[in-house]
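Undergrad: This is the structure I want to talk about, given as C-alpha cells.
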Amino acid sequence: MIDYSQFPRKNILCVDMKSFYASVSAVTMGLNPLTCYLAVVGNTDRQGSVVLAASPALKKDFGIKTGSRLFEIPEDPRIHIVNPQMKLFIRVSTEITKLFYRFVPEKCVHTYSIDESFLDAGKEDPEEMAKAIQSSMWREFGLMCTVGIGDNMLLSKLALDLESKKTKSGIARWRYEDVPNKLWKVRPLSKMWGIGGRMERNLNRMGISTIGQLAKFPLELLEKKFGIMGNQLYYHAHGIDLSEIGAPLMQGQISFGKSQILLRDYTRSEEIKAVLLEICEEVARRARTHNKVGRTISLGIGYSKDELGGGFHRSKTIDLPTSITMDIYRCCLMLFNKFYSGKTVRSVSVTLSNIEDDVNQQLSLFEVDNEKRRKLGFVMDGIRSKYGSKAILRAVSYTPAGTALQRAGLTGGHKS
C-alpha cells in the first residue's frame with residue numbers, strides 16, 4: 001500500500017475554459033455562449049472540415065462535438081457556423097493568463113494549452129480561489145470555466161476531466177484519499193490522462209482493464225514490459241505525480257523560438273527532421289529580422305499521447321553566435337540523434353537564446369563561407385517579405401512530411 005505521507009501535498013488548480021473557441025466566437029457575435037448554437041469549423045468552405053469547437057447547447061441538443069464534420073451539422077437557421085479566429089483566441093487567452101496573475105504569482109502559473117492552465121494556490125483556500133476565478137472570468141470575459149483541484153498536477157487534471165465538468169458548480173477536488181473510490185473505477189483506461197489507445201490495448205492484453213487493476217499490478221512487471229513508462233503508469237494509477245509548475249523565464253530575457261503541434265503522428269526520423277529544418281528556418285528568420293544572433297540552441301520533442309506523452313528538451317551552447325539556418329539545424333540534429341528514443345512524435349520546438357547583436361561576427365577558419373551563408377539568409381528573407389512566405393521554400397517543404405506550405409498564411413494552423 002502506498003504511504004501518501006511521503007509525497008508532497010499541494011493545492012493545484014487546473015482551469016479549463018468551457019468550449020473556448022466557440023464561447024469566444026459567441027461573445028464576439030453578441031450571443032450567449034451557454035445557450036446559442038454555434039460551431040467553429042476549420043474551413044467553412046469544405047464540407048469535410050472538422051469541427052474544432054461546439055457550444056454546450058449545440059453538443060447537448062444536436063450531438064455535434066469537437067471532431068464532428070461540417071456535413072454532419074443540420075441545416076438549421078439557429079445554428080451559427082464560423083471559421084476560427086486564431087489571433088483573437090490567442091489574444092483572449094493571453095488576457096486570461098494575466099487574470100490568473102492577480103490570484104497567484106507568475107511563477108505559480110503553467111499554461112498547458114490555449115484554454116487550459118495549472119495554478120499553484122499555495123496556502124490559499126483552493127476552492128474559494130476557484131470560485132473567485134470563475135466569477136471574474138464570467139464578469140470580465142463572459143466566459144465559463146471549470147476547475148479541477150488536486151494534491152498535485154495529475155490529480156487536479158483528473159478531477160477536471162473526470163468530475164468537475166459534470167458538477168453543477170464546475171469545481172471538483174481530488175485528494176490522495178479519493179484515489180481508490182474515484183480513480184480506480186475508471187474504465188476504459190484511455191479515459192485517464194496520459195493513456196492513449198495503443199497503450200490501452202497493450203494493457204488490455206495483460207488483463208488490465210481498469211485503473212484499479214493497473215494500480216494493483218506488480219510494479220516490476222510493468223517496468224519490465226514498458227521501462228520508465230511502466231513506472232509512471234503504476235504511480236499515476238495511485239495518483240502520484242512529482243511534476244512541478246516551472247518558473248517562467250526572467251522578465252526581459254530575449255530568445256527566438258517556434259513550437260509546432262504536428263497535424264498527425266510522425267514516426268519516421270526523416271519526416272521529423274524535415275519538419276525540424278522548417279522550424280529552424282523560421283527561428284533563424286526571426287533572429288535575422290531583429291539583427292540578432294544567438295549562442296544557445298534548444299530542441300524540444302513531445303511524444304504522442306499514445307506513447308504516454310513525455311519527450312525531451314535539451315540545449316547546446318556553441319562557440320560562435322549565429323542566425324544561419326543550417327548552423328541551428330546541425331545543432332538540433334546532434335541533439336535529436338543523441339536523445340530521440342524512436343517514439344511517435346507530435347510536437348517539435350526550437351529556441352535560439354543567449355542573444356547578442358549581429359555585428360561583424362568573427363569568422364571561423366573552418367567556416368570561410370559563413371558570410372555568404374549569412375547574406376543568403378537575408379536574401380531569402382527579403383524574397384519572402386516581398387512575395388509571400390510561399391515564394392521560396394526548401395525542398396523538404398514539398399515532401400509529404402513538410403508543413404510550411406500548408407501553414408503559410410495561417411495562424412496557429414488555422415485561418416486568422
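Including glycine, each Cβ sits where the backbone N, Cα and C put it.
Straight out of Swiss-Prot:
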ACT_SITE  GLU116  active site
BINDING   ASP16, ASP115  Mg(2+) binding site
DOMAIN    12-196  domain 'UmuC'
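Can you walk me through where each of these features ends up in the structure?
TA: Other Cβ atoms within 10 Å of the Cβ of GLU116 (active site) number 19 in total over all chains.
For the recorded site, ASP115 (Mg(2+) binding site), the DSSP three-state label reads coil.
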Undergrad: Counting only residues 6+ away in sequence within the same chain, which have a CB under 8 Å from the CB of ASP115 (Mg(2+) binding site)?
TA: ASP16, MET17, PHE20, TYR21, SER93
Undergrad: Which value does the mean pLDDT take for the domain 'UmuC' (12-196) in this predicted structure?
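TA: Taking every residue of the domain 'UmuC' (12-196) together, the mean pLDDT is 95.
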